[in-house]
Amino acid sequence: MVSTKTSLAGLEFDNCFMNAAGVWCMTKEELDGVKNSAAGTFVTKTATLEERAGNPEPRYQNVPLGSINSMGLPNQGLNYYLNYLLDLQQTDSERTFVLSVVGMSPEETHTILKTIQDSDFRGLTELNLSCPNVPGKPQIAYDFEMTERILRDVFVYFTKPLGIKLPPYFDMVHFDQAAAIFNQFPLKFVNCVNSIGNGLYIEDETVVIKPKNGFGGIGGQYIKPTALANVHAFYQRLNPSIQIVGTGGVLTGRDAFEHILCGASMVQLGTTLQKEGLYAFERITQELQSIMEEKGYGSLEDFRGKLQYISE
Ligand code: SIN
């Protein structure tokens, strides 16, 4: 039997699939659903220090080739997710889960991360530097100076395993510049990519979501080539100690195979999970296993990062 198990930050996971932050992760009940599915782990909805209602509805729409959202970071607040995870450490002590966070300011981000540092949380923390949907707050990771400053300040006190969720980059120079920053820090992973920010989807003559007059993050099939490019660009540039989580446009086992071929150690389902539900984990795992069997690969290590180029 082929294996889709993986490891991240030295921690083992029975399966390389998990949800993307924002999907099936707002409440304990949803998180329990992912935990009890075929997924290897889950990540919480990105938590801010205090709970947030987020943007006005409608703020998420499935569209034929993906989705558009402008949720605006609705969440239950840090303590809700942190306490849930601390409880799980008692009942599911052999498994590891991921807490996604970001502050509404650098100061709030530090307050959140210091709270996690001072807690008994033993899982992974994902710092979301890429939310495109809070009016007036640009995506942090498009500001390289700010990103470097935040990471420099964080690693003065944060010693637990930390990764960052990135927006897509679109220029080779930006891949180089971003990687040069990330390589300075003991990051455990980068997650490529969040939605492509601020797209516009129109039906007849009208936008399909209310916030920001219809502008929202694009996910699903639209974004797979961009996601693969970001996974591979960072796989090529980052220190081997910084692993890649691949997110974006995974509808099938073949899509997941491509993310891993580009260098992903873990693969997240966002729009597909939202559209299809928890069964997507089982289906896509089986599809990936079939591809691996056909190709004679027994484990993800057999093909991870081994994307082939066209030589002369
Ligand atoms: C949101 O809550 O607006 C989505 C979060 C994100 O894209 O990071």
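Don't overthink the numbers, they just go from 1 along the chain as shown.
Keep in mind that glycine also has a Cβ here, set from the backbone N, Cα and C atoms.
Remember, TrEMBL labels are computer predictions, not curated facts.
According to TrEMBL, the feature active site, nucleophile maps to C131. The FMN binding site annotation in TrEMBL covers K45, T46, N128, K165, V193, G220, G248, G249, G270, T271. Per TrEMBL, the feature substrate binding site maps to K45, N69, S70, M71, G72, L73, N128, N194, S195. Residues or ranges marked as domain 'Dihydroorotate dehydrogenase catalytic' by TrEMBL: 5-292.
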Cβ-based isolation winner (fewest other Cβ atoms within 10 Å) among the binding-site residues G248, G270: G270
In three-state DSSP terms, the structure that N128 (FMN binding site) belongs to: strand
For N128 (FMN binding site): intrachain residues, at least 6 apart, with Cβ closer than 8 Å: A21, T46, S100, V101, V102, I164, K165, N194
Rounded Cα separation (Å) that holds between C131 (active site, nucleophile) and K45 (FMN binding site): 12
Most Cβ neighbours inside 10 Å, all chains, among the binding-site residues S70, S195: S195
Contacting recorded positions, sequence order - K45, N128, C131, V193, G248, G270 vs ligand 1, Cβ under 6 Å: N128, C131
K45 (FMN binding site) CB neighbourhood, other CB atoms within 10 A: 27
Alpha-carbon distance [K45 (FMN binding site); G72 (substrate binding site)] in Å: 12
Inter-residue Cα distance where the pair is S70 (substrate binding site) and V193 (FMN binding site), in Å: 16
Residues K45, N69, S70, M71, G72, L73, N128, N194, S195 [recorded substrate binders]: greatest CA to CA distance in Å: 16
Among C131, V193 [recorded positions], residue with fewest other Cβ within 10 Å: C131
